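Structure first, then comments.
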Amino acid sequence: MVRHSLNELVHPHGTLVSCTKFWVFLGIRILAKMRGGLWQLGQSITRRLVQADKKTIARRCFASEADLKKTALYDFHVANGGKMVPFAGWSMPIQYKDSIMDSTVNCRENGSLFDVSHMCGLSLKGKDTVPFLEKLVIADVAGLDPGTGTLTVFTNEKGGAIDDSVITKVTNEHIYLVVNAGCRDKDLAHIEEHMKSFTSKGGDVSWHIHDERSLLALQGPLATPVLQHLTKDDLSKLYFGEFRILDINGATCFLTRTGYTGEDGFEISVPSENAVDLAKAILEKSEGKVRLTGLGARDSLRLEAGLCLYGNDMEQHTTPVEAGLTWAIGKRRRAEGGFLGADVILKQLEEGPPVRRVGLFSSGPPARSHSEIQNEKGDNIGEVTSGGFSPCLKKNIAMGYVKSGNHKAGTKVKIVVRGKSYDGAVTKMPFVPTKYYKPS
């Protein structure tokens, strides 16, 4: 889940002003040093931010520091060496003292703590909450047991993805969900528009946006033993996708066993006044093995796990079927429809989509977003949406969309990087096996 386009990282909405010459210069220098992937680009960007005159940059190209939102952990990040960059309107750490490559590996070997408080948590409540939400998402919300959740997609009238979200049924009259920071404004406007129409016809649903809370993601093999030190609840009884409201380190938290890395772990919604204390306690209990980790490693981890980044791998014109998220469409929803764009999506389920999201291995320089994918004859069959060098596999990985019929694992392709084609092959995802905690 934090999923934003590369453009949002470099110049989030509202921060780019008239500074063409600077961006051309910065773009050329970054491209000259890039070796593919957001984590390498992140290192290049942060070097520029450290070396450049910060006041000049702020005045000429970026929003002022006052214009960027800050999470409750901002000072904590800075004190711990966080390299802060503008991201979807927020000042967020792209990395800390470790390299992004090392941080990625440490998450899989030990653990990582991420601040993802820029994401938007909200609750929908009322006796008609479930039927209301089912008009907007593809999930079988009614079929969820209380205390369980699932990944879903908000769709538009054409079946395209407005955003992806993890939703949790707290009770039959309370749904908790988290939407992406870069999609917050459009998501909330979309939900509110439909809520007004729904309630005007007598529907009982209201919402609360949890701006009073922060969100931490604790991921990796040490996530459970470390967090268990801070709560009396038995975490061994909480499985992947499940949700509890419980006391952690003296604060009432919303705990979901989920994440965006492919590792076992948790997302912890904590009152903002308790967020720094909780972060400190987690790091202390891990004896230095769980490390603060920034958005650069978070992106490499999600790519290795084969997870979509909204704005890159999924957009308003991409259907859940094309994105490989057919499994997220509940069986009852496939039969009944009833969500926006259902006619388009159900037709694709029956006849097959025109394009499909695939994983890719490639030789040469790592493929990047918009790299062309060709068949062996040199014909265009698709485009890369995310790519880079995998810190854990030590080779190039990517994902993208190809025309149906070219999507089977083992299909040989050519990937064009900087005008030159390199050998590649379609492969199944995830690239790194997931380690979600599920019942035996």
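Even glycines carry a Cβ here, placed using N, Cα and C.
If you look up TrEMBL, you'll see E267 marked as substrate binding site. Look at TrEMBL and you will find 73-331 tagged as domain 'GCVT N-terminal'. Taken from TrEMBL, the feature domain 'Aminomethyltransferase C-terminal' applies to 357-432.
With helix defined as DSSP H, G or I and strand as E or B, the domain 'Aminomethyltransferase C-terminal' (357-432) counts 0 helix, 43 strand, 33 coil.
E267 (substrate binding site) is surrounded by 25 other CB atoms, counting those within 10 A of its CB over all protein chains shown. Mean pLDDT, taken over the domain 'Aminomethyltransferase C-terminal' (357-432), works out to 98 on the 0 to 100 scale.
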